């Protein structure tokens, strides 16, 4: 358990510091850039995220699945990265041939040629970064992975400060700082890990590529659905509302990054660990202990964010005050997703990746319906509610399929806790002082509901201390 915690802390270091850097970036951008301009920049980020989903073809997940069973890790890496790299280069060529049309798609204007070309270069860099960092994750090089995560965030922060202070204060300041910061960090990655891309003696393993595509393609479809799930809120706001509401929504998502940090920290560590445990034949009870523990930590963190939300929101400028109404709903998705990473393992262990498609379908239906009904009238609030409710469906479906495929343990406690968190999110729509009392009450309910988990913590801690004493005696 001590080794488990040390690795978790190692993987957490990068995302935590990176999030702190991003947290510094938020007030700088929101102070100098108004919500409407910030909304335009967020649409650029949306295209970046959605394109990344298709670029990898699910092969990145196949690489992770095959890693511990592969004898030649370098050959596995190069076969995995080959197709995504080719697709990204083809994409760059298309952008170079049609920069005006690309600008029109990205920015709703044909005049932004240079940002469009930089976007194409960044797409290639994204693939390089994704597979290098994934390789480090699978090798469980926690500190190295963390430091490289910090690099890109720091680069973006430096460029953001330069642009908003000395060059321009519109949405392009965000776009240029993001693109240039990302490209600079990825160039460093490519130089440092150039041996991974040395294809001397490389041979294409058609059977391996076919196997990875077979496993990855259903994940591509599922990830595409998940991408729609995560982005339809902004698409709905763009369709039925305005850039001001998109700006409010996006800025609040950045604040909710407090939770996303923990999500990234845990999943970066947990995925390779879970695969290794499975190969070693670990009992299900170990997976359940992790699941209960992460549920406890994430739910407590969620309620604390709500209790101190006014202080957290203070980092935004006064033009973003509506963020306080929706922060609860936007903190729920990373909470639920993180916990679901511990309850969905039956799907990947059984290699039935196609089940993830049905998870996406079940989650996206309520998302579309609620956005359609609420966004025209309530704007960012309606979009936030749609996203939060959809993730509840996401968790239930993901866990159900996992239970049906060998990873079966009780999640009744999980379901009840998420129900409480959803109810308290609705209560936090109101701005009255009595809301704080409900938040404190929710904290007590969450703690009492998970009393058995606290007892398990104490029990494990006692075992660890006894083990240390016995080792000293020897």
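Every residue gets a Cβ built from N, Cα and C, even glycine.
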Practice item. Among 436-454, 455-473, indicate the range for which TrEMBL gives the feature transmembrane segment. Key: 436-454
Point to revise | Chain residues in Cβ proximity to the transmembrane segment (380-401) (below 8 Å; excluding those fewer than six residues from its ends, i.e. six or more beyond) | key: 229-230, 232-234, 236-237, 241, 245-246, 248-249, 252, 322, 325-326, 328-330, 332-333, 336-337, 339-340, 343-344, 346-347, 352, 355-356, 358-359, 362-367, 370-371, 373-374, 411, 414-415, 418, 422, 425, 429
Point to revise | Leading stretch by Cβ pairs under 8 Å, where the reference is the transmembrane segment (39-59) and the options are 145-165, 212-232, 244-272, 323-348, 413-430 | key: 212-232
Point to revise | Positions whose Cβ lies under 8 angstroms from the transmembrane segment (323-348), at least six residues beyond its ends | key: 61, 65, 230, 248-249, 251-253, 255-256, 258-260, 262-263, 266-267, 270-271, 274, 278, 287, 290-291, 294-295, 298-299, 301-302, 305-306, 309-310, 312-313, 316, 355-356, 380-381, 384-385, 387-388, 391-392, 394-395, 398-399, 401-408, 411, 414, 418, 421-422, 424-425, 428-429, 431
